[in-house]
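A quick write-up on the structure given underneath.
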Amino acid sequence: MTETQSLELAKELISRPSVTPDDRDCQKLLAERLHKIGFAAEELHFGDTKNIWLRRGTKAPVVCFAGHTDVVPTGPVEKWDSPPFEPAERDGRLYGRGAADMKTSIACFVTACERFVAKHPNHQGSIALLITSDEEGDALDGTTKVVDVLKARDELIDYCIVGEPTAVDKLGDMIKNGRRGSLSGNLTVKGKQGHIAYPHLAINPVHTFAPALLELTQEVWDEGNEYFPPTSFQISNINGGTGATNVIPGELNVKFNFRFSTESTEAGLKQRVHAILDKHGVQYDLQWSCSGQPFLTQAGKLTDVARAAIAETCGIEAELSTTGGTSDGRFIKAIAQELIELGPSNATIHQINENVRLNDIPKLSAVYEGILARLLAGNAV
């Protein structure tokens, strides 16, 4: 494929060092470009975060692309083979911070819109873009705030494509049609500090917690289902003691996380953890944080359309999957009937020398255009 506009726009976006939550006028660039084909722009800024809602049309169905202009820090610049914010083409790849996550996706959808509108100026429904500069950071003032605004005025989305990098081995081989929930716990087990030679005068929180820890790690939280693997429980950090070898610690701190399927609930998991701790007589404080509920788009119109567009452009059949971490899809699902994630390779995201394959760029744009055509132009491409 010889289309080069997607590559040029991706390079222009990558050249802007938009480390979260700094947008560096990436959204302004998108708004100026899309204004030329009839998109209205609404800036929705909260704190240091810039968000923009771009829409062409007023009717349903609404097909929305969701993405983020912010990127993670580069890490040691000297370890990059080329400056991270100077996009470089070599070895059949485009290098730069944000190349995979996710400035190429944004560029590809914008150019897909340009071609689609040129062919179908009177298309059905509406096209929208929800872009934030706070996805890689705390994600408190980004997509979640925009969703609140849209929800308050009953502005809903029929079909949403989140441009997260999803490809494993080749472009189009995987579509994310859901994500697991993420529930974290910060547990403080209370004991009584004392001299290690006089254990009868102390209470060792490591020892009192050990039986509960064994049960927590061996518990079957659920069996998963057709779309999700079983819920997992993992300890991420555990710390106790003063560093001295002759002191029984007074408390133990344990940080853990659930990645949970739709077979479990936040409330249910909390109740079961408390029950296990209480069963073993553990004295504790426990603080919870849920960063996202599980969501699922069952196989249907959007997944079918995306698979058809991938088959046409890439010649492969896409697999549906719910693996991986959380994304802003967890917020958008509250106002979106159907939602998927579809983008380039995820092999180098957040890494030194992040990159995408050059020949994947026009293909990804063609896939996005194919989705628009099938949803808003009666399958005409």
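Placed from the backbone N, Cα and C atoms, the Cβ positions cover glycine too.
According to Swiss-Prot, the Zn(2+) 1 binding site annotation covers His68, Asp101, Glu164, on the basis of similarity to another entry. What Swiss-Prot lists as active site is Asp70, and the listing cites similarity to another entry. Feature annotation from Swiss-Prot assigns Zn(2+) 2 binding site to Asp101, Glu136, His350. Summarising the annotation, Swiss-Prot assigns active site, proton acceptor to Glu135 and lists similarity to another entry as the type of evidence.
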Starting from the Cα of His350 (Zn(2+) 2 binding site), work out which of the recorded positions (Asp70, Asp101, Glu135, Glu164) are within 10 Å.
Asp101
Hey, how far is His68 (Zn(2+) 1 binding site) from Glu135 (active site, proton acceptor), Cα to Cα, in Å?
6
List nothing but the one residue from Glu135, Glu136 whose Cβ has the fewest other Cβ atoms within 10 Å; the candidates are the recorded positions.
Glu136
Give the three-state DSSP assignment (helix, strand or coil) for His68 (Zn(2+) 1 binding site).
strand
When you measure from the Cβ of Glu164 (Zn(2+) 1 binding site), which residues in the chain that are at least 6 apart have a Cβ under 8 Å away?
Asp101, Met102, Ser105, Lys176, Ser327, Gly329, Glu341, Leu342, Gly343, Asn346
What is the interatomic distance between the Cα atoms of Asp70 (active site) and Glu136 (Zn(2+) 2 binding site), given in whole Å?
7
Fewest other Cβ atoms within 10 Å: which of the binding-site residues His68, His350 wins that one? Let me know.
His350
Apart from Asp101, Glu136, His350, which residues in this chain have a Cβ no more than 8 Å from the mean position of the Cβ atoms of those residues at the Zn(2+) 2 site?
Val71, Val72, Gly98, Met102, Ile349
Tell me, how many other CB atoms lie within 10 A of the CB of Asp101 (Zn(2+) 1 binding site), whichever protein chain they belong to?
27
For the recorded Zn(2+) 1 site formed by His68, Asp101, Glu164, which further same-chain residues have Cβ atoms within 8 Å of the site's Cβ center?
Gly67, Met102, Ser105, Glu135, Glu136, Val162, Gly163, Pro165, Ser327, Gly343, Ile349
